Every structure is written in C-alpha cells, then in structure tokens.
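TrEMBL annotations:
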- 179-360: domain 'Sodium/calcium exchanger membrane region' (DOMAIN)
- 397-537: domain 'Sodium/calcium exchanger membrane region' (DOMAIN)
- 57-86: region 'Disordered' (REGION)
- 155-172: transmembrane segment (TRANSMEM)
- 178-196: transmembrane segment (TRANSMEM)
- 208-229: transmembrane segment (TRANSMEM)
- 249-273: transmembrane segment (TRANSMEM)
- 285-307: transmembrane segment (TRANSMEM)
- 396-415: transmembrane segment (TRANSMEM)
- 469-487: transmembrane segment (TRANSMEM)
- 494-513: transmembrane segment (TRANSMEM)
- 519-540: transmembrane segment (TRANSMEM)
C-alpha cells in the first residue's frame, strides 16, 4: 500500500567529512516528492538548481565517508533564507544538534593526550611518547639527538668537541688545570644527552611517573658524582685539612645542589617566564608540598650539625701519652656519635622520600596528574613538540646507556683533578657549593627554563623543587649509606655557615611561593641572592685554615712541646678532670 504523502517540516541533511566545511540547507517544505527506488529528490522550481549540487555533494560524501559515518550534513539554501525565520524550530534544533555533535568531537580532540587514568597508546606506550617507529634507525637517531628538547639545549650540543679533547688530555702528562676545565665542559653536553633521553623515555610513561623518571635521570649525574667522590676519599684522612679528604667537598656539593635549584634555577624560571607573561600562577599543592618537604629535609640535615656544635665545647683534648678516664667525652667519641646519628637520619630521610614518591604515584592523590596535564595543555609550543619526531623505546634506552657511560667516565676524570684545582687557589666551598652543582644540573635547568618560557610554570616549578627534594631526601642519605657500606665515614656534619644558607634560602623561596604567583622581579631577586652566596663562598676559608665542624687546636699529636710544657699541660688537665 502506498505511503500517504506528508509535508514534513524537517531538513534533509548529509554530513561531508573534512575538509568540506561549507553547508547548504533546504527546508523540506519545498520538496515535492521523494522516489524511494532510486533515492532521487525532486524539488520545486525554486530549489531545482540546488538538486544537482546536492547530488554531487552526496556522491562525494558517499565516496569518502567511512561506513560508520551517518549521513547527517545540513544543507542550507541561499534562495530560501526567509523560511528560516518562519520555521525556526526544527531547523535550529537540527543545527543545534549538529553543533553539539561537532563540539563533542572537538572536545575529544582537545582532551588531554595523557589523562589522569594514564591512557596508553600502542603496546602500553603513552600517546604523547608514541614515535610511530620501531627498532633503531641511525639516521633518525642522530637527527633527533641533535634537535634536543629546546633551543638552549640544542646550543649545548655545540660543546660536544670538548668530549674527545678531555679524553685525549687525560692520557697526556701535566696540564692539570686544562684537564679539569675540559672535563668540566665535556660533562655539560653529556648530561644534556642523558636528560633528553630521560625526557623521551618519560614521555612514554604515565604523567606523574614520567615526571618522576625524568627528575630521577636528572639526578643520576649527581648520584654518580657523589659516589665517585666518596670512593676517591681516603679513609685515613680523618682531619678536614688532610690530603685526600673529600668529605667537605661532598657536603658542600649536597647543599650546593639544593641551593642551585632553589635560587638559581627557580629564579631564572620566574625571570624568563615573567618576561613573556606579566605574571604566572601556579597550583598551591605543588608549592606547599615542595616547601614542606624541603623544611623536613633541612631539619634532618641540620640535626647532626647542631648536635656537634652544641657539644664540641665539652670535648676533652686527646694528648699522646696522657691517660684519660674511660668516661671522658673526646672528639673521637663525639665524631662517632655524629656518624651514627647521620646514618640513622639518612635512613629516616630515605623513608620520607619513598612516602613522598608513593604520595605522588597513588591514584587517590591524582591532583598531581591533573595539575601537570592542565599546565601542559597551556604550553605555547605543545603542538610543535608533539609533531616532532621522537625516539623509539630502543633508541631511548640506547641513548640513556651511552650517556651514562660517558658521564661516568668524564666525572671520574673531573674528580681526579679536584685536589690540583684546590691547590691552585679555588676554595673547597666554592668548588663544592657553586661549580659542581652547576655542571651536574645544567640539563635539567635548561629544561625547566624552557618550560617556564612556554608558560608551563607548574611543570617548571616541579623541575626545580623535585630535584631539590630528591637531593635532600635521597641522594645525600644515599651517599652516607654507600660510605657506610664501603667503610668511608661520610656524615651529615655540615658547616654551620652552609646550613644557615640552606635554611634561609628555603624561607626566602617559601615566602615567594606563598601567594601562588610569580613575576620577573621575584626571579631576579632569587638570582641576586644566589650571586651573594657565591661571593661569600669564594672568600670562605678552606677546612685546614678554619672550620665550624671540627675542633682546631686540640690535635697535639703533631705539635712539638718541650718537657716542661708537657708536664704543665698534664698537671692542668689532671686538675680539670
């Protein structure tokens, strides 16, 4: 039975895939009839000229449309726009539905590539790190390696010629200062390669896990440096001024690494980010958790030094040939107690770091994921970074392995020349507090500054506070534990001067982070504070001249005294005891 003819007030529509963006709409009130057999539409004389164009668009859409794509494109008519005012209801509803559908598609395209649920792409690789390739391609590998992560990082690659120069100078006699300088410069591009390879590897992981991995790779250089220094330390060098005693340099490098991140790196991030943006706002949880953990770390690092400083005035001198009571509190006993306190404190700080890591990685605290991802989607060159070629997993692991070997060799060459550099007039504190942290953190600093310039201030802040927290809660305790294992007495008895610098720096940074906003002025002030500290460290005397974590003047085993002097000294000490 023939279907009764109706005059529907609806719109025939068809969806044409991109790049077709122009649409044509014709109200069905002008359609005379529809032939069901051949799907041909007969229009009134006013819309007949549209029929041919409509059929061509339909044929094009049918040819290019996937099988699952519905035919829902609106066809507005330029010759009957007056009917849009007469019949707004259905036509506008159809347009609204179409716009709603397009909005949903747009929102899905703009949604985070790495959501909080850690969505993965092919083979468990995060979508942001998918390279589209497999295995190892030498040509593509070196192209990506030279590109690096940012322009500043790419310029660092110009320092690669110093690597073979440093290796060649090592086998030649003399030239100690040149050996140190070339090895120092050669570490920078090697560390940059390790940081870039770690960044490429971290992109293939869930967001917070990737940030942790990237921060860890940035701190591996520091861990290697500390382990090389403690292994080169001579166990028989117990005094601060003894030859081969590298403990003061290790202690200065630990605090110097924290200060470099908190003052120099964070200051440069605020400064360059403020030059491009009047002010940058960051999430409170990143700054609050970061500064809170730094205060806990400073407390842990301060305890051994405070213990020693409080009791060193009560120490009984150790004089050869003089028998002291067994309960006498000597410097040896005090140092042993400080060493035990340092070892126990190190274990406690490492537990705190594990708790901090678990706090970030746990699903119930996914606010870190949300903050970082929301920040990254404001990155001004995010789409350019996403379009750049990436390492495959094989290439990333190969780059990490090669850079680790190269960095380790160069750091060994660097440490071997430290004593010659100190003898040439460079103070211990300046070497450990300023020079060594600059070279070991160079790659991470460039990455953080580039992120701040691109407007990704939360991630930049994470790259400044994260390494500082890891140094204080993990790297420093780790070197104490390693020294404990290999029989090297590494403790956390820092110079009071350096501990005061650390605490004051944390307070200054915490005050700047309190309002949740940064500008170039705050960044410039942080850099100025760092420069002031560097100047003070240059004039700080070496431990063999003056120190606050030793008791100068009580070690009389190398002193030359007459018989009368020794007799009077024994009588005086007997009366005191």
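Positions of Cβ are set from backbone N, Cα and C atoms, glycine also.
Please treat TrEMBL annotations as automatic predictions, because they have not gone through curation.
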Same chain only, please: residues at least 6 beyond the ends of the transmembrane segment (178-196) with a C-beta under 8 Å from a C-beta of the stretch. Say none if there are none.
145, 148-149, 153, 156-157, 159-160, 162-163, 165-166, 169-170, 214, 217-218, 220-221, 399-400, 402-404, 406-407, 410-411, 413-414, 416-418, 420-421, 435, 439-440, 442-444, 446-447
Non-local residues, at least 6 beyond the ends, that sit with Cβ under 8 Å of the transmembrane segment (494-513):
248, 251-252, 254-255, 258-259, 262-263, 266, 270, 282, 287, 290-291, 294-295, 298, 301-302, 304-305, 309, 429, 433, 461, 522, 525-526, 529, 533, 540, 547-549
What is the three-state DSSP composition of the domain 'Sodium/calcium exchanger membrane region' (397-537), stated as helix, strand and coil residue counts?
117 helix, 2 strand, 22 coil
Below 8 angstroms Cβ to Cβ, which residues of this chain, lying six or more residues outside the transmembrane segment (249-273), approach it?
222, 225-226, 229-230, 233, 280, 294, 301, 418, 428-429, 431-434, 436-438, 440-441, 444-445, 448-449, 451-453, 455, 457, 460-461, 463-465, 467-468, 471-472, 475-476, 479, 490, 492-495, 498-499, 501-502, 505-506, 508-509, 512, 518-520, 522-527, 529-530, 533
